[in-house]
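Visitor: Checked Swiss-Prot, it gives:
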- His30: site 'Important for tRNA non-discrimination' (SITE)
- Gly80: site 'Important for tRNA non-discrimination' (SITE)
- Glu171, Arg217, His444, Arg481: L-aspartate binding site (BINDING)
- 195-198: region 'Aspartate' (REGION)
- Arg217, Asp218, Glu219, Gln226, Glu474, Gly526, Phe527, Asp528, Arg529: ATP binding site (BINDING)
Amino acid sequence: MRSHFCTEISEKDVGKTIKVAGWCNTYRDHGGVVFIDLRDKSGLVQLVCDPSSKAYEKALEVRSEFVLVAKGRVRLRGPGLENPKLKTGKIEIVLEELVIENKSATPPIEIGNKNVNEDLRLKYRYLDLRSLNAYEIFKLRSEVALITRNTLAQKGFLEIETPILSKTTPEGARDYLVPSRVHEGEFFALPQSPQLFKQLLMVGGMDRYFQIARCFRDEDLRADRQPEFTQIDAEMSFCDENDVMGVVEDLLQAIFKAVGHTISKPFKRMPYKEAMENYGSDKPDLRFELPLIEVGDCFRDSSNAIFSNIAKDPKNKRIKALNVKGADAVFSRSVLKELEEFVRQFGAQGLAYLQIKEDGIKGPLVKFLSEKGLKNILEKTGAQTGDIVFFGAGDKKIVLDYMGRLRLKVAETLDLIDKDALNFLWVVNFPMFEKTENGYHAAHHPFTMPKNIECEDIEEVEAHAYDVVLNGVELGGGSIRIHKEEMQKKVFEKINIHEEEAQKKFGFLLEALKFGAPPHGGFAIGFDRLIMLMTKSHSIRDVIAFPKTQKASCLLTDAPSPINEEQLRELHIRLRK
């Protein structure tokens, strides 16, 4: 039906007769001469038709998004008529034959216009996908999937599919449940991850497994979350953290090479505690400096009782400083007020600061600090004339969180972030357990191997867990798993999953661990999130063919939708009025 894609045609084809096919991107009638920009997956080419052509009458019928097959002769555009914005901007096709394969209603959205309301774009997603940008995104997505398969296959991994219909074993989010028609009153769950099945594959001697897995989580949505998503999932037997990290680094190096980036290995490693204390995040963005600095000891003798009391409780409290170089010249009073309002959203009571000026140190904290205290702050933060030092004080968790967010906000405001940089990082030595209102739960998941389970302070128990971070975004992570039944039961006890509940939820895993499970570990990388970062897309919805909205609905198909009474009866379900 066609001899060329649109952008395959160039000056070397001048004089040739070719056939192209695609959609009418734009249509123009200039004094009787018809110009059509034809679009296919590769890009645009201009068709031109004057009244002397036998295709002229047909060309007059063409409108936006009509499906066309065109035959014509390639010629150079006239002097001054070239379009440098197009790959085919130096040539055009003089129409000889034109077939309208299909007409189109007036499109409700402009193809390729990102300023169109997102809900409208999602409702007509099949039109939104016609944009050249969308094609490039899904072309890259396909290439990355192929690179993943080839890279892991070369390393001895087998691609094995795990069940979609499984048992409900909540991993932190709510499960999507599927009622069984055959087993009345019982339900399958869609997997939040293949975690337990891939561990069972290791017990089964598969040695190295991977799949590009579909996962489902019924959780509140954000810009980077979807109820169904894809991850690169893998597991290895007879390995330690270094082995797993090495595979991940090799894989990411191969993936980013496809888009022209050279990644150096090994990636930097940072303990969780260091990440939190110095950057206020377990996924720090290291494309810029601005570390958080502990200055609690500078406030021990402060005349402000609030600060001095905080300084005397270093286990549970923090006083953190953030020195912003040269900020005094660019941060007006209104900007300082905006920053204060920003951190208040995340639990801050306010935002104290010191301005280092030519004529001395100014700011609301000055009167509460001794000369020695001020001197110590300047030494610790390296503050100089023209800088502003911001302070956060209070409960450790809250302070680290809002000061970490402030760090990012300041970097964005001052344009300190190199948008083209790729900064990979491993965050390691995560806490094994986190405190909740009802005791403790597993920080990652309860199948992670703890490092020091006998530690008296449960909050000091660390996990053999690791996250890979790119530019402040968690790409994925993993852990070394528990491979002995006794240890697994011990971890369950720590998080108040006692014997009866453990057998009910995870009896099949505990049983499997009795039969010589090998040491094993693995990882999962968020595939959608990876593509989002590689394409610099604003939302994860841009890199999923048919995404859900932030309300977990599909505007295209109107899913979820009610079902009829007969279907409900077959599933033994009665809805409450």
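Glycine too: its Cβ is placed from the backbone N, Cα and C atoms.
Give me the local environment of each listed feature.
Guide: Other Cβ atoms within 10 Å of the Cβ of His30 (site 'Important for tRNA non-discrimination') number 8 in total over all chains.
When secondary structure is read from DSSP and collapsed to three states, Gly80 (site 'Important for tRNA non-discrimination') falls in the coil class. Around the Cβ of Gly80 (site 'Important for tRNA non-discrimination'), a 10 Å sphere holds 5 further Cβ atoms from the protein chains shown.
Neighbour density for Arg217 (L-aspartate binding site): within 10 A of its CB lie 22 other CB atoms from the protein chains shown.
Looking only at the region 'Aspartate' (195-198), the predicted model's pLDDT averages out at 97.
There are 17 other CB atoms within 10 A of the CB of Glu474 (ATP binding site), with all protein chains counted.
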Visitor: Looking only at DSSP and grouping its letters into three states, which state does His444 (L-aspartate binding site) belong to?
Guide: coil
Visitor: What are the sequence-distant neighbours of Arg481 (L-aspartate binding site), meaning same chain, six or more residues apart, C-beta distance under 8 angstroms?
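Guide: Looking at Cβ-Cβ distances below 8 Å from Arg481 (L-aspartate binding site), excluding near sequence neighbours, one finds Gln199, Met202, Phe447, Thr448, Met449, His520, Gly521, Gly522.
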Visitor: At the level of the C-alpha atoms, what whole-angstrom distance separates Glu474 (ATP binding site) and Arg217 (L-aspartate binding site)?
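Guide: That separation, Cα to Cα, works out to 17 Å.
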Visitor: Taking the residues Arg217, Asp218, Glu219, Gln226, Glu474, Gly526, Phe527, Asp528, Arg529 listed for ATP, what is the greatest CA to CA distance in Å, to the nearest whole number?
Guide: 20
Visitor: 10 Å Cβ neighbour count around Phe527 (ATP binding site)?
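Guide: Taking all protein chains shown, Phe527 (ATP binding site) has 25 Cβ neighbours within 10 Å.
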Visitor: Between Gly80 (site 'Important for tRNA non-discrimination') and Arg529 (ATP binding site), what C-alpha distance do you get in Å?
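Guide: Counting only the Cα atoms, the answer is 44 Å.
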Visitor: Taking Cα atoms as reference points, which of the recorded positions His30, Arg217, His444 is nearest to Phe527 (ATP binding site)?
Guide: Arg217
